[in-house]
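Please read the structure below before turning to the comments.
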Amino acid sequence: MTRFLLTAIILIAGIFFIIAGIGFLVDPTSSATSLGLQWRGPAGLAALRAETAAYYLVAGLCMIWGAWKRNGEILLAPAAMCAIAFIGRSLGALVDGTYDALPYYLVADLFFAIITFVGSKLLPHETVG
């Protein structure tokens, strides 16, 4: 039951990540504004479209693929990505200061890092070789 519930949560999270990634590809200004991100000119929009969309799409695809195929190895990628996002956001708070929505983003980053890491441990790994 625990494995099934965790798999369902990861699958749903992956779908939301994919939706966010598509949003950054199609309309980076609205997606950035909804997350409180700022950009300047074409280079900023291109970075949002490229790097931010890539982050959400790769993490989301790995979540969906890992959950659907019940493959824990695939979930290590989004676990690392979300953990690095948590570390980067924490470092930003220490160096640059905080903002009102910071606790929510930190909780979300940590939540996704934990569920994907735990999922990678509970779901089977394929043998290599």
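Using the three backbone atoms N, Cα and C, a Cβ is placed for every residue, glycine included.
According to TrEMBL:
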TRANSMEM  5-26  transmembrane segment
TRANSMEM  46-68  transmembrane segment
TRANSMEM  75-95  transmembrane segment
TRANSMEM  101-123  transmembrane segment
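Taking every listed stretch (5-26, 75-95, 101-123) in turn, the largest tally of C-beta pairs under 8 A with the transmembrane segment (46-68) is reached by 5-26. Sequence-distant contacts of the transmembrane segment (101-123) (same chain, six or more residues past either end, CB-CB distance under 8 Å): 2-3, 6-7, 9-10, 13, 36, 59, 63, 66-67, 70-76, 78-79, 82-83, 85-86, 89-90, 93.
If you look at the transmembrane segment (75-95), the same-chain residues 6 or more away from its ends with a CB under 8 A from one of its CBs are 10, 14, 17, 55, 58-60, 62-63, 66-67, 102, 105-106, 109-110, 112-113, 116-117, 119-120, 123.
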